Amino acid sequence: MHHLRALVGVGLAGLAAGVPLTDKISVKPRQAPGAQNVVYWGQNGGGTIENNDLAAYCQPNSGIDVLVLAFLYQFGNGGNIPSGTIGQSCYISTSGQGQNCEALTAAIHTCQSAGVKIILSLGGATSSYSLQTQAQAEQIGQYLWDSYGNSGNKTVQRPFGSNFVNGFDFDIEVNGGSSQYYQYMIAKLRSNFASDKSNTYLITGAPQCPIPEPNMGVIISNSVFDHLYVQFYNNNNYTVPCALGINGNAPFNYNNWTSFIADTPSAGAKIFIGVPASPLASTGTPSGAQYYAAPDQLAAIVGEYRSDAHFGGIMMWSAGFSDANVNNGCTYAQQAKSILVNGAPCASSGPPSSTPATAPAPTATTMPSSTSVSSPAASPTGGTVPQWGQCGGEGYSGPTQCVAPYQCVKQGDWWSSCR
């Protein structure tokens with residue numbers, strides 16, 4: 001994904017699943033299966049700031065079918081509770097407590113009621129996560145289910161209250177010798193999915209395009225993924241380079257991906273064409289423009305592969321960059337939707353309108369209790385941003401005070417972190 005990622009901390013172990021929180025959480029279909037538009041939301045940088053109201057991306061004409069919440073970016077390394085900052089305000093601590101997550105919780109319900117799937121992503125391009133053992137991977141997998149799935153578990157923190165996500169995404173961009181353990185985390189999640197027959201959950205991944213894939217290849221070879229959001233950008237200089245095959249870049253290796261997964265447990269996975277949502281999106285700087293596909297270029301690429309049985313749609317990084325990239329009255333997400341639905345970018349009349357089919361709305365509407373959203377204990381300095389967390393940068397509007405004893409250190413125009 002985009003190179004600007006935050007880092008936070010970790011905590012304790014997960015507990016066993018209990019009675020589901022609710023019997024049913026139906027998600028309305030927004031378009032025919034096999035042609036979905038997936039957008040990452042929750043991280044800012046590169047001079048863009050996304051709308052902090054997630055529900056704004058779930059309007060009928062938003063062009064978005066799946067929203068991936070980014071990221072829980074610290075886990076392992078001695079603790080088994082994933083933590084991170086999602087959006088400009090929702091912080092999930094190393095104890096699993098949610099701080100300022102009420103608005104996001106309400107928006108998740110709104111989006112699911114509108115037919116938009118909500119996926120929670122782990123990882124990112126930082127190096128604050130790793131797995132040391134199979135047991136640890138299984139513990140973290142169980143905790144994720146208990147805290148974010150329809151588990152019925154009331155002994156753990158639930159940052160989104162009784163609402164639960166529609167699946168879990170793995171954007172593992174750091175190997176560290178631990179990739180062989182993720183299969184156990186995914187298997188633990190899937191065993192819990194099976195306990196909730198009223199709902200359907202997804203396991204998704206966002207691998208880099210090179211094959212062999214350096215960080216997620218082993219994971220994909222040993223796990224069952226439903227969606228693969230392949231990042232066809234930022235890999236011109238890899239040993240086996242790959243990209244979208246445009247602008248003089250490396251070749252587009254979509255067919256290599258269908259061949260690769262054919263002999264893995266993920267043989268049935270849908271492959272999504274992962275693209276930057278603006279000329280700045282892939283790197284946060286103008287240098288990333290080489291990886292950007294203009295709407296007409298994207299339409300040509302999709303047109304060539306959309307009939308493939310593995311084709312799943314388009315994935316883009318990210319919501320904020322899409323918002324800043326408007327052509328013919330359409331954001332990049334709306335352009336992608338038009339390409340998937342109509343086979344061409346938006347006309348000058350603006351974005352296509354989605355008309356979701358009628359279906360029961362999710363019943364999980366309870367806001368987090370005071371227990372589940374209690375704030376982490378304040379440090380002596382009153383700061384809330386943990387070690388490695390983002391505390392500044394052009395366009396950043398989140399918290400800026402670091403927990404003691406860390407200080408906010410500038411590392412570039414777009415990024416400062418607590419060190």
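Cβ coordinates are placed from backbone N, Cα and C, and glycine is handled just like the others.
Going by Swiss-Prot, these are the annotated features:
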- 1-18: signal peptide (SIGNAL)
- 35-343: domain 'GH18' (DOMAIN)
- N153: N-linked glycosylation site (CARBOHYD)
- E173: active site, proton donor (ACT_SITE)
- N237: N-linked glycosylation site (CARBOHYD)
- N256: N-linked glycosylation site (CARBOHYD)
- 350-381: compositional bias 'Low complexity' (COMPBIAS)
- 350-386: region 'Disordered' (REGION)
- 383-419: domain 'CBM1' (DOMAIN)
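All features noted in Swiss-Prot, drawn onto the structure.
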residue : record                      : CB count, 10 Å
N153    : N-linked glycosylation site : 21
E173    : active site, proton donor   : 21
N237    : N-linked glycosylation site : 7
N256    : N-linked glycosylation site : 15
Quiz item: Whole-number Å distance between the CA of N153 (N-linked glycosylation site) and the CA of E173 (active site, proton donor)?
Solution: 31
Quiz item: What mean pLDDT score does the domain 'GH18' (35-343) have in the model?
Solution: 97
